[in-house]
Ligand code: AVJ
Ligand code: FE
């Protein structure tokens with residue numbers, strides 16, 4: 001099957017430029033692109049594998065499949081479409097708040113063929129709702145929002161299912177071409193982001209989720225940020241220097257977790273003599289030195305940064321480095337500008353099943369020369385999960401609000417497993433600081449010492 005490449009999405013307040021019919025066509029393409037990916041992930045394994053629990057951190061794949069359909073039914077078929085429930089008796093099974101991931105395998109779930117029939121029936125009715133909706137007049141459907149929210153929801157679960165694949169044992173079942181080689185590495189290791197205000201968040205991105213709103217001005221002192229994510233090679237130097245054995249580099253909580261969890265290296269790494277190997281979707285291979293490190297938790301990222309004499313960026317610093325155009329002071333939708341991602345700009349969409357080496361996407365760099373902020377690996381920041389000033393829930397509290405103030409750290413930028421329609425420079429992700437089955441890496445930042453030279457003035 002063909003998974004179409006990202007094309008233009010409605011960006012900014014473009015409702016006048018996008019006729020209703022072209023918006024419908026675009027929504028239908030994106031719904032199909034998400035579904036094609038869902039099919040790849042759920043047809044690559046047999047039925048026993050689909051219903052199995054591969055890790056206590058993950059749902060059985062068949063739960064994600066029917067949950068995707070259940071959310072689509074709730075929002076697009078029942079709410080937007082005004083239709084009666086297809087199978088009201090299964091709602092509770094697919095409510096993420098009623099059952100932990102570890103317990104879902106015990107539920108009387110739809111079996112794989114029932115789940116496939118269910119999501120297909122929901123999709124048919126969702127497309128009816130798309131045809132019938134004016135896509136305006138009501139905030140939920142304005143500029144196709146509810147459809148965009150459901151596209152992104154399925155794509156988020158596609159990334160979750162990709163993590164499940166990474167955790168399952170056995171020979172490889174997913175295949176993809178390697179990412180592009182490094183074309184032009186960043187000119188410098190670190191970039192200076194000058195002091196001053198920038199606009200964080202958005203009021204205009206039509207499919208931005210509630211936590212990305214509203215746009216607000218944040219004034220930051222000057223700071224330096226790495227021009228690229230920390231690589232496996234750099235991280236291996238920390239491991240090989242005994243970084244995991246020295247509590248000086250770790251926060252108190254981080255050290256406790258490192259000891260209790262028995263962490264010795266990133267997840268999926270193993271050492272053989274002098275060589276680090278990793279298991280990636282069933283393939284055992286030497287760890288590629290030039291790729292961004294992946295599968296580290298927040299505490300490992302923090303320890304590396306301390307060892308390197310740096311720190312992790314805050315969420316605001318990350319966003320400013322990613323989108324601020326210093327020549328105009330304007331905030332961009334993406335590091336490279338306002339245009340949608342293409343395969344030349346960022347490693348997204350499970351097109352490759354690994355991060356690309358540093359320097360693979362010079363065209364995707366920000367105006368300040370910061371590379372690979374979108375795609376490759378999610379990047380840990382030091383920020384906790386909090387609402388922006390003026391936040392309001394839309395359309396439901398269980399997406400963002402119920403998690404505010406919890407034990408989470410914000411991650412930014414998306415990974416190779418994230419679809420282009422589910423990432424932008426304002427997009428905010430969050431997870432527990434101990435999690436590393438996600439496609440998580442990081443880059444470092446540091447303060448500019450006062451009087452350290454003209455650029456720091
Ligand atoms: C935004 C990735 C934290 O997977 O828990 C999926 C996304 N919310 N279904 C998650 C989500 C509801 C969410 N994250
Ligand atoms: Fe969900």
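Every residue, even glycine, has its Cβ placed from backbone N, Cα and C.
So that you can see what the record holds, here are the features copied from TrEMBL:
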{"type": "BINDING", "residues": "67, 153, 157", "note": "Fe cation binding site"}
{"type": "BINDING", "residues": "101, 102, 103, 104, 431, 435", "note": "gamma-L-glutamyl-L-cysteine binding site"}
{"type": "DOMAIN", "residues": "31-161", "note": "domain 'DinB-like'"}
{"type": "DOMAIN", "residues": "189-446", "note": "domain 'Sulfatase-modifying factor enzyme-like'"}
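Here the features listed in TrEMBL are painted onto the structure.
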residue: 67; record: Fe cation binding site; DSSP (3 states): helix
residue: 101; record: gamma-L-glutamyl-L-cysteine binding site; DSSP (3 states): helix
residue: 153; record: Fe cation binding site; DSSP (3 states): helix
residue: 431; record: gamma-L-glutamyl-L-cysteine binding site; DSSP (3 states): strand
Those residues of the chain, 6+ apart, with a Cβ under 8 Å from that of residue 67 (Fe cation binding site): 59, 94, 96, 157
Cβ packing number for residue 431 (gamma-L-glutamyl-L-cysteine binding site), 10 Å threshold: 21
Where the record names 101, 102, 103, 104, 431, 435 as binding gamma-L-glutamyl-L-cysteine, the maximum Cα to Cα distance in Å: 20
List of residues, in chain order, with Cβ under 8 A from that of residue 435 (gamma-L-glutamyl-L-cysteine binding site) and at least 6 apart: 57, 297, 298
Integer Cα-Cα distance in angstrom, residue 102 (gamma-L-glutamyl-L-cysteine binding site) to residue 153 (Fe cation binding site): 21
Helix, strand and coil counts within the domain 'DinB-like' (31-161) (DSSP): 92 helix, 0 strand, 39 coil
Pairwise Cα distance for residue 104 (gamma-L-glutamyl-L-cysteine binding site)/residue 153 (Fe cation binding site) [Å, integer]: 19
